[in-house]
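Since the structure comes first, as structure tokens, the remarks are kept for the end.
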Amino acid sequence: MAQPRGACTWKPHICEQLKLRDRLQRHGFEEIVHQYNRLLEKSDLQAVLSERYQADKYEVARGHEATAAGGDAPALQQEMADMRIRHQEELTELHKKRGELAQTVIELNNLIQQKDKEIQSNEAKMQEYQQQMANLEGDCRDLNNCLQDLERANQTLKDEYDALQITFSALEEKLRKTTEDNQELVSRWMAEKAQEANRLNAENEKDSRRRQAKLQKELADAAKEPLPVDPDDDIEVLPEDSGKSGGEQPHGRALGRTPSKKSSQMPPGGLLDSISNIFGRRGANSLSASPENSEAPSGACVEVRVPSTALHVFEAHDGEVNAVRFSPGSRVLATGGMDRRVKLWEVASGRCEPKGALTGSNAGITSIEFDSAGSYLLAASNDFASRIWTLEDYRLRHTLTGHSGKVLSARFLLDNARIVSGSYDRTLKLWDLRSKVCMKTVFTGSSCNDIVCTEQCVMSGHFDKKVRFWDIRAESSVRELELLGRVTSLDLNHDRTELLTCSRDDLLKIVDLRTNAVRQTLSAEGFKCGADWTRVTFSPDGNFVAGGSADGALYVWNVLTGKVDRTLDRNHNSAINAVSWSPSGVYVSSVEKGSKAILWSDM
């Protein structure tokens, strides 16, 4: 591994610092060294002198002995005493110098020890600083590597952004061309549909004229033949006004024949068929005065009764009731609630009697729909699924799963073989009941609250205040209609030419589908939409609209005048979630956020 950058310079630096200290401090210690050297010399001299003194002493002793008899003893003793004093002074001075030098040496040793400690401390700090320098150099290398990686990643992202920008430009150009092609195709399709409609209208008109001519001819031929009439037979003659009104009979009267006691000859078949064709074969479906017998087939409303009285108030579910719908024959009422059940009620004599319950859902029911024959019931629920039951045996037949959010609405298409569902996950799904698979998924861009269908078009109301129109054969919306509030409900009139919308701005709008324009706006003082799934409805003849308010009042508008025809506000205790008008036109049913449902009529 490579050594740190400063490892090769610190040793020479220390040597230089030591040499500099030696030069600076040598002058202060030269005198001490000189004195110490002199002390050593004097110590050597003292040793020599001591030897000499011992020798002189020996010699003096010998001389003293020798001169004991000679007579020079005092002079010699005086000399010896002086010499001893000098030697003693010199020895004292040397001891004094020695003590001073020893003290100086001690002080210098202490100073050297202190300097050694400072050197060790400086070396420790230097090692610490070197370690920090090594760590910082490692961090610097890591940061440099990270910077290089970030520069490479930035360059890669820049290249990808440039590539995506080019791809986006190409896709945008492709989208523009596709949009233009789609608009052109839609225009051509609309023109062809208009031509086809004109052609069909012309053919229908020709066919109608041919049938009318044939009928007139048959009537003329039949009028020429005499008919045998038994005097005992009682035949009720239809008033002339009936023929002029297109076959509508007065309410409570029927075309019939009372059998006689004697057998009579039947008139020719051609005449009876012609009369049956004139009156639309209403003899088998003659009307009576009671509400339960005044039902008509689906799509053929005889008389619409504006509700004024609550015939039956009953507890429908354990909790909130979200959906209500009459069967095509108006004899069965279905309700769906947060208790995860669809309940069926038999409508008879102005009351709703329990008929059965459809189970299988794992969450609250949000929408109910019958097929056109009244054999199947379709329900959407909050468990992300739609389900189909058979009404004959109350069995669950299909469970359609695939949405990632609550399914807020599901509808049969007109062929009863396909289903469209709309969900909170902002998608529409087209299902095939024969194969039990999802045929198509369309992203709508906003949560779908309700759906209605025509032959080739699906209309969806959304949380983003828009109503979107979809061609079933395509995956893009044909057009959009923006309202002033979140769309909560959609409904079509009986001939599917007008669309009823309800939104959270507390306004109901009627859209003419032939001109794609809002024809009428309905409102009322006190009317307030209570939820994002509040459902309103057309009357079977399209002349009235019924809707429930957040304060529990039921409002009925007259479409012809645009004004409120009736307000019923005494029976509901909470916000009305949904309203349904029976196909027969006799009954209206409303359900609330509580647990109650009410059956209304004009009786």
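Glycine residues also receive a Cβ, built from the backbone N, Cα and C atoms like all the rest.
Predicted automatically and left uncurated, TrEMBL annotations should be read as such.
Small disclaimer: the values here were computed from a predicted structure and weren't measured.
TrEMBL annotations:
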- 13-201: domain 'Autophagy-related protein 16' (DOMAIN)
- 196-224: compositional bias 'Basic and acidic residues' (COMPBIAS)
- 196-277: region 'Disordered' (REGION)
- 230-239: compositional bias 'Acidic residues' (COMPBIAS)
- 314-355: repeat 'WD' (REPEAT)
- 358-399: repeat 'WD' (REPEAT)
- 400-441: repeat 'WD' (REPEAT)
- 536-567: repeat 'WD' (REPEAT)
- 569-603: repeat 'WD' (REPEAT)
Residue counts (helix, strand, coil, in that order) that DSSP gives for the repeat 'WD' (314-355): 0 helix, 26 strand, 16 coil
Counts by DSSP class (helix H/G/I, strand E/B, coil) across the repeat 'WD' (569-603): 0 helix, 17 strand, 18 coil
Within the predicted model, mean pLDDT of the domain 'Autophagy-related protein 16' (13-201): 83
